[in-house]
Amino acid sequence: MMEDEDFLLALRLQEQFDQETPAAGWPDEDCPSSKRRRVDPSGGLDVIPFTQPRAERPLSIVDESWETLDPNPDVRAMFLQFNDKFFWGKLSGVEVKWSPRMTLCAGVCSYEGRGGLCSIRLSEPLLKLRPRKDLVQTLLHEMIHALLFVTQNNRDRDGHGPEFCKHMNRINQASGTNITIYHSFHDEVDVYRQHWWRCNGPCQNRRPFFGYVKRAMNRPPSARDPWWADHQRSCGGTYTKIKEPENYGKTGKSDKQRDKMPATEMPKKSKPPSSTSSSGSQDIRNIIPFSGRGFVLGGNAQIPTNKQIQSPPKAPPEPLHSPPDSPLLPRLQLNEDNLKRLSSGTSNIPRKRSVGNTNAFINVNGSPVRISNGNGSGGKQRSVRDLFQAIVLKSPDRGASAVGSSKSSTDASTADYRSNSALDAKPSGKTSLITDHLSYTISGPKTLSAESNISKYFGGSAKTDVQDSKLKTFGSPQKSAIGTPGYVSKAFGSNQRPDSTSSGIRNTGSPQRSHASATSGSSFKHFRGPAKPESNFPSPRNIGSPRTSGTTPSGAKKRSWEEHNSERVFDYFQRTVGESATSTDKKREEVRSEAPPPVRDQQANNPPAQITVHCPVCHIRLPESTINDHLDSCLL
C-alpha cells in the first residue's frame, strides 16, 4: 500500500510539472510528453489523453480594465513604451508635455525643421474629461505625425494621407486600438467655448455656423483672423457678443473699483502688512520703527517739525599730524575742509570706460584700442618735481646739507684744477657757456649754484648731461668730477644735433659767428671720433684717464709728453676764451633770453611722439603700429 501511494504521488507531481512547463512557452508539438497517463482512482492504470489549454492573450493597451488599474497614467512612461513597441525607438528625441490652455484640439505635434525640436502637446482640459482610451489613441495619433517628421517622410499634403494611414492601420491591428484621423469628442470642446459672438449680417442664415463665433478666450473677431477679409466681402456685418461666463464682467469691475479706491477708504477688515502672520513670524517694523524720511505719492511730502528726528551734533575731528620720523613730507592737518575733500573724493571714483565710448577708444581692425593722452605723463612729472623741490627747500636740514655737500665737493675739485696748467683754466669759460646753453635748452634754467661750477668741466655730474635723472640725484651729494668719454660725447652732441649747437653759439652775439660755428663743429668732431695719428689732441680714450690734466690730482708731479704735443688746440682755446672773457655775463643773459626759440626748433626737428596703446587681451603697452600683429599672436 505504501508503494502505491508513493507512486500515485509521483504521478501527480509529474502531471503538475508538465502542466506548468507548456505555459512557459514550449509548444505542445515539440514536447512528446504532452499526453500523460492519468491514474484511475479505482486502481486502473488506463492512459487518458488530454490537451493543454493555451495561455490567454495579454490585455490590450485600450482595454477597459485599465481604467481601474491605471486611472492616472504617466504620459512620458506611455510614450517610451509605445516608442519601443510600435516605432522602433526612433522617437527618443521627441518631447511630450501637457498643455493647460489648449481647448480647440486634443493634441498637436510641432516640428521646427530638419535637426530641430519635435514636440507633442496634449490638451489637459479636454483629455481629463475623456476615458483613458482616448488619451492612448490621441498619443499614438501624434506619435505617427512625429515619426513622419523625424524620418522626413511627411509627404502627405494634409498630414493624414497614405503614409499616415499605413502606420495607423499597422498599430490598430497590432494593439486593438481604434486610431482615427479626427477625434470625436466635440462636446468637451464646446464646454470651454463660453464666449459667443453673432453677426447681424446675411451670414446669420448660412450654414454651418449661422453667424456664430464661439471661443474659449475673450477675443472678439477682428482683422487678425484669416477669414475676416472674406467675411467682409461676402457679408459685411458686425459681430456682437451675446454670451460669456457667469460673473466674468463683475469680477473685472470689482477689481477695477478696488484699484480706484484710495488708501483711506480701504475696509477696516484688511489688516496692515505689519500685523503678525498666521505662521507666527512678525514684521520687523513692529520691533524697529522706521526712522527715515518717507514720501507719499500724490500728497504732501513735507514732514511735520515735531516728528523730525534731530541727529546728535558731530564732534569736530581732531587734527592728525604726520609722524616725526618723516622729515621729507610736510606736516598735514586734516581740518573739516580736508575731510570733506577726502569724502567727496571717495564718492567720485572714476568709472571704467566702456569700449563703446568713441572718445576713449578707437576701432583698429575690429579691436578696441584706448586713445592715449599725450600730455598726461608730462604734467604728472612736472608736478612730482615741483613737489620734491618744495619739500627739500622747506626742510632746512636737508636743504643745507645738500647745498653744503655740493659746495664742498665743488670747492675741492676747483682747488685741484687750479693747481694744474692753464690748459684747464682758460677754456673753462667757453665750455661753461656751451654746457650751460645745452643744459638750459633741455630742462630750463638751473636752480642751484653748484651746477654752474660743475658744468665748467666736461665730466661733471650726471645731472648736467642727463636732465631726465634729476629726480633720482636731487638732494644727494654730487658725484666726483671724473670726465668720461660718454659724458663728453653727451655734452658735445650725443643727444643734441650739430645744428642746434651751432645755433646756440650763434645766439651768443660773438663777432666771430662763422668761425665759432665752424669751431664747434670741429670740436664736436674731435670729441666724437677717434683721434688720427697726426693729430696732436688726445683721443677720447685718453680723456678721463689718470694722465689727463682734467683728472690729475693736486699731488701729481708732471704731465706726460703726449699732452705737450697739443699746442695748436691750446692756442685756439687761449685765443677764443680770451676774447670772450669780458662779456661772459652778457652772453649768459642773452642765451637765457633767447633760449626758448632753440627749444621750439628742437621740438620741431624731433619726430612726433609715438602713440602707445594697451592690448585688450594681455594688457601690455606697445606701439600703435604693431597692435595688429600683436593681437594676431595674442589671440591664437
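Each residue, glycine too, has its Cβ placed from N, Cα and C.
It should be emphasised that the depicted structure is a prediction, and the values quoted were computed from it without experimental measurement.
Sequence annotations record features per position, and here Swiss-Prot assigns Zn(2+) 1 binding site to HIS141, HIS145, HIS160 based on similarity to another entry. Taking Cβ-Cβ distances under 8 Å and a sequence separation of 6 or more, the neighbours of HIS141 (Zn(2+) 1 binding site) in its chain are GLY107, MET168, ILE179, THR180.
Per Swiss-Prot, Zn(2+) 2 binding site is recorded for CYS615, CYS618, HIS630, CYS634, and the stated evidence type is sequence analysis. Residue density at CYS634 (Zn(2+) 2 binding site): 13 other Cβ atoms are found within 10 A of its Cβ, drawing on all protein chains shown.
Swiss-Prot lists 19-42 (among others) with the feature region 'Disordered'.
The region 'Disordered' annotation in Swiss-Prot covers 238-382 (among others).
Residues or ranges marked as region 'Disordered' by Swiss-Prot: 398-430 (among others).
The region 'Disordered' annotation in Swiss-Prot covers 473-608 (among others).
Swiss-Prot lists 290-298 with the feature motif 'SHP-box', giving similarity to another entry as the kind of evidence.
The motif 'PIP-box' feature in Swiss-Prot is assigned to 451-458.
The annotation motif 'Nuclear localization signal' is assigned in Swiss-Prot to 535-566.
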Around the Cβ of CYS618 (Zn(2+) 2 binding site), the count of other Cβ atoms that are within 10 Å: 11
Assigned element (helix, strand, coil) containing HIS160 (Zn(2+) 1 binding site), judged by DSSP: coil
Cβ within 8 Å of the mean position of the Cβ atoms of CYS615, CYS618, HIS630, CYS634: remaining residues of the chain near Zn(2+) 2: PRO616, VAL617, HIS619, ILE620, LEU622, LEU631, SER633
Cβ-centroid neighbours of Zn(2+) 1 site HIS141, HIS145, HIS160, 8 Å, sequence order: CYS109, GLU142, ILE144, GLY159, PHE164, MET168, ILE181
Spatial neighbours, same chain, of CYS615 (Zn(2+) 2 binding site) - Cβ under 8 Å, 6+ residues apart: ARG621, LEU622, ILE627, HIS630, LEU631, CYS634
Spatial neighbours, same chain, of HIS160 (Zn(2+) 1 binding site) - Cβ under 8 Å, 6+ residues apart: ILE181
